[in-house]
Each structure stands twice: as structure tokens, then as C-alpha cells.
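Enquirer: Annotated transmembrane segment per TrEMBL: 30-53, 65-83, 104-124, 149-167, 179-205, 217-238, in sequence order.
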Amino acid sequence: SSLLLMSGVVVAVGLCRRLTRRRLRSHPRLFAFLVEMFSTFQICACTSELSLLGNVEPKPHTALTLTYGFTVLHGLTLAGSTCNPCGTLQPMWGGGTSARMGGLKIAAQFVAAVLARVFMHFVWSLEMAEPHFGALSQGCSSPMQTTEMQAFCIELLFSVVFQLAVLRAESVNPKYRVHLIALLITMLVYAGGNLTGAIFNPALAFSLHADCFYDRFLSYSLVYWVAPSLGKFLILYVF
């Protein structure tokens, strides 16, 4: 049921992106906003469902395999979208995107994060699959299982590694690049998933753990918003 749900989200987002391309090409700002919103919605919704499958046996092989598989699927189906506020900073820094367009895309990413959270909570309330039982009663299921300073450093390091790999992989054939990036993300999730969740995406972090931001805004904003953004700025400054 979970696989069908995530596949359905991918298909629905693909149809929405195609319809947007056909009808709204003449409205560049609205087109950019909707495409980024649909794409980020897919990432957030599928990752929310994947987070419930972390305890499926055999652990952690099932979760890591699904993480790799769906990361490849996202890379193939969401070409042209960043789905990450940190990724949107790069063209803004280099002058390839105006501040207004970059801000519009970041706004779309956070709107998608909220919509994905509302949608997944509705789906979980239907209890269509066993992992959905009790999913809504978890509240702040904190992914931070270490000190704030260590969590900050881990998310900063993972952001630097990820963004550096993305830059270095630009010259790789696209059909191989998506697998390299998916493999890297899977390795980072394996290495730090039990400590911070290995998210390094501010919009995704807010979608997955909004309750934790409400309870401990300063701590979570530093770890899951400031650290990945700082990692991106470090990469942009060096390169």
C-alpha cells in the first residue's frame, strides 16, 4: 500500500507538471512557482511515507533500498527542479536567477512542504496500511538523537558533501549522474540518519518535523535551516 501511494504521488505530480508546461509557458513566474511546488510536494510526500518504513524488516536494508530507488525516481522525473532552498541559492549567487525569482521558488518549496504534510496526515488518518497506524499520534518524533552542536555539524557537513558532489557531477552523463547522487544520499542517510535524519533540506525538514519546529524553533532552525544554508554558502564561496 505504501509503494502504491508513493507511486500514485509520482504519477499525479508528473501529470500536473506536464499540464503546467502546456498551459502556463507564457506566464514564467506562475509556471516556475507551480513546477517547483509540485516537484517539492513529491519529494516531501514520498519521504514522509518512507520515514514510516524505517522499521520494516530487514532493517535497515529495506529502508535504504527504498531510499535509493525513490531518489533515482525523483531524479528522473523532476529534472529541472531543485526542490531544496539551498539549491536555489546557487543560481541566485551566480546571477543566473534574479532574487525575485529565487524567492518565488523558495516560497513554492515551503508551500509544498506544508501541503505535503497536510496531505500525508489525511492519508495516514485513513489507516490504509499498517505503518499508518498511530502515525498521527507521534507528535514531535524528533530526528535529533544527539547534541545540538553535533547535529549542527553533521547537517553542515552533509550539506557540504552533497552540494559539492552535485557541482562535481555536472559533467557526468545525466543517466549516470542520477544514480551517483542517489547512492550518495543513501550513504549519507545510512551514516547519519540515526543521529539527525540526514535531511540537509530546509523545506523537507519542515515538512517532516513541523511539530518539532513549533516546540523548539531555535534549535531546529539552526540545525535544519541554518546549517544546510551555511554549507551551501561555503561551497559557493570556495568554488
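One-based numbering along the chain as shown.
Backbone N, Cα and C define each Cβ position, glycine as well.
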Enquirer: What stretch, picked from 30-53, 65-83, 217-238, has the most CB pairs under 8 A with the transmembrane segment (104-124)?
Expert: 30-53
Enquirer: With pairs 6 or more apart in sequence, are the transmembrane segment (30-53) and the transmembrane segment (217-238) linked by at least 3 Cβ pairs under 8 Å?
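Expert: As far as Cβ distances go (cut-off 8 Å, pairs 6 or more apart), the transmembrane segment (30-53) and the transmembrane segment (217-238) do not touch.
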Enquirer: Can you work out which residues elsewhere in the same chain, 6+ from the ends of the transmembrane segment (149-167), have a Cβ less than 8 Å from its Cβ atoms?
Expert: 86-87, 90, 180-181, 184-185, 188, 192, 195-196, 198-200, 222-224, 226-232, 234-235, 239
